[in-house]
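Here's what Swiss-Prot has on this protein:
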BINDING   GLY79, ASN110  anthranilate 1 binding site
BINDING   GLY79, 82-83, THR87, 89-92, 107-115, SER119  5-phospho-alpha-D-ribose 1-diphosphate binding site
BINDING   SER91, GLU225  Mg(2+) 1 binding site
BINDING   ARG165  anthranilate 2 binding site
BINDING   ASP224, GLU225  Mg(2+) 2 binding site
Amino acid sequence: MFKQLLAKCIEGYTLTEEEAYEAMMMIMSGEASASQIASFLSILRLRGETVDELTGLVKAMRNRMMTLDYEEEAIDTCGTGGDGASTFNISTAAAIVVSSLGVKVAKHGNRAVSSKSGSADVLEALHIDIQATPEEAKRALKTKGLAFLFAPLYHSAMKYAALPRKEIGFRTVFNLIGPLSNPARCKRQVIGVYSTQYAEKLAETLHRLGSEHVLLVTGKDGLDECSISAETDVVELKHGEIRRFTIAPEQYGLARGKLEHVQVRTVQQSAELLKAVLEGRANESAINIVILNAGVALYAAGKAATIREGVEMAKEAMMTKKAYEQFERLRMKEVEKYA
């Protein structure tokens, strides 16, 4: 069956949502060989994925993932990765700021693939627990307001695609659908996208999948974050409506900075800069890029009515050390209490 779907793609046809779903289910059950998976990913990348295909692939991925049975509303700040900019972990820092203001954050992430430092790598360097089970993650959400959902734990069926992805070495559709498959089924997200051409497709896909409020952001300097050194293209899905606009740091009283001031070479440098930001002693560009991204996330979460209000809330959380106190809370180890 996979051969037939592959042949259809090679002949220039696109897959229906149902066919894409079937293809993904076969990949995740080990029915497709490594070379077939590599061919499939290469063809989709070359011609571009349709919304039907993206929807089918995400539905299958969600079908096979381990879910977090968490009833309260939570937000995710996650990116496609692969922007090649080697920045510190901005979305992780923003997640800490957002969670310090009472918003539950189910942070979906992984180890570094193309970047210098994945969110799992930097959290380990900072001695912040990565929850090993859904039960631990639920407890962390309840007691600390932030849980880290380590992607390989929740998406174990993706193991069959690991080798072909590594061997072909370029970004594939899996970079796009990973952030759309949060185990907590977050309906509110900020998703950093490495290329703005994909943002509208992803917004339409999320609309079909029932998301409520999602902002897909791409810096004009190529960042898969809201940038401090350039304008940022935003595609917003809100209650079924999709609109596109551009934001700039100056709109929110933030000075335009330099990209090199938020770049790092190692996991340790990323961890040190993230900690310095929350302590308020980092460079202005690093502090402001976290404030901007946290502000956008607070808006997506519904905590703030506008991005401007979200930015002001994030500034205050930084100035009052509320964000740093949350950082220290996350680093505290839980002590088991026995009756």
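Even glycines carry a Cβ here, placed using N, Cα and C.
Here the Cβ of ASP224 (Mg(2+) 2 binding site) has 28 other Cβ atoms within 10 Å, regardless of which shown protein chain they belong to.
Proximity to GLY79 (anthranilate 1 binding site), judged by a C-alpha distance within 10 Å, picks out SER91, HIS108, GLU225 from the binding-site residues THR87, SER91, HIS108, ARG165, GLU225.
It is 10 Å from the Cα atom of THR87 (5-phospho-alpha-D-ribose 1-diphosphate binding site) to that of GLU225 (Mg(2+) 1 binding site). A simple way to gauge crowding: the CB of THR87 (5-phospho-alpha-D-ribose 1-diphosphate binding site) has 27 other CB atoms within 10 angstroms, across all the protein chains here. Across the structure, ASP224 (Mg(2+) 2 binding site) and SER91 (5-phospho-alpha-D-ribose 1-diphosphate binding site) place their CA atoms 10 angstrom apart. Here the binding-site residues are SER91, HIS108, ARG165; the one with the fewest Cβ atoms within 10 Å of its Cβ is ARG165. In space, SER91 is the closest of the binding-site residues SER91, HIS108, ARG111 to GLU225 (Mg(2+) 1 binding site), judged by Cα positions. Neighbour count (other Cβ atoms within 10 Å of the Cβ, all protein chains): 27 for GLU225 (Mg(2+) 1 binding site).
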